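Step one of this worksheet: look at the structure below.
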Amino acid sequence: MSTSAVFNGDEIAPFFGFIGAAAALVFSCMGAAYGTAKSGVGVASMGVMRPELVMKSIVPVVMAGVLGIYGLIIAVIISTGINPKSKPYYVFDGYAHLSSGLSCGLAGLSAGMAIGIVGDAGVRANAQQPKLFVGMILILIFAEALALYGLIVGIILSSRAGQSRAD
């Protein structure tokens, strides 16, 4: 078998790395989409009763949209780390990138679900009792922090790729 460019490392390893990049983006965007849709329904419903509060109630929608950016960051970090023709890419590296993508993506999905549910109920409740706004924002911040934890762990796991062997 003769090829013009020699492949370094394990030939199946990039599969796991690319699945990790895809998982980070897909799951984070699913969380962002769910959070945006669920919160948006609450904003639309509340806007019928109190249209002056619509712009103030957009906060959960914006917070849900940020989740997709977290997945994009990890997907770019992972995909730039996969270049088996320039440096060896082993199964350890693929698994590190897979776990990185899954940690960020699933954390983003979970945070999106939390933001959507809290955002929907929170903006409706805020329309009836304005004193609930600060409490809603605090709950949304804690839900967003879950995705941020996944992003941090994803960056740490992704940085482990390339450390499997001393080259």
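Here the Cβ of each residue, glycine as well, is placed from N, Cα and C on the backbone.
TrEMBL lists 12-37, 58-78, 98-120, 132-157 with the feature transmembrane segment. Feature annotation from TrEMBL assigns domain 'V-ATPase proteolipid subunit C-like' to 19-78, 99-157.
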Selected stretch (most C-beta pairs under 8 A with the transmembrane segment (12-37)) from 58-78, 98-120, 132-157: 98-120
Taken over the domain 'V-ATPase proteolipid subunit C-like' (99-157), the model's mean pLDDT: 95
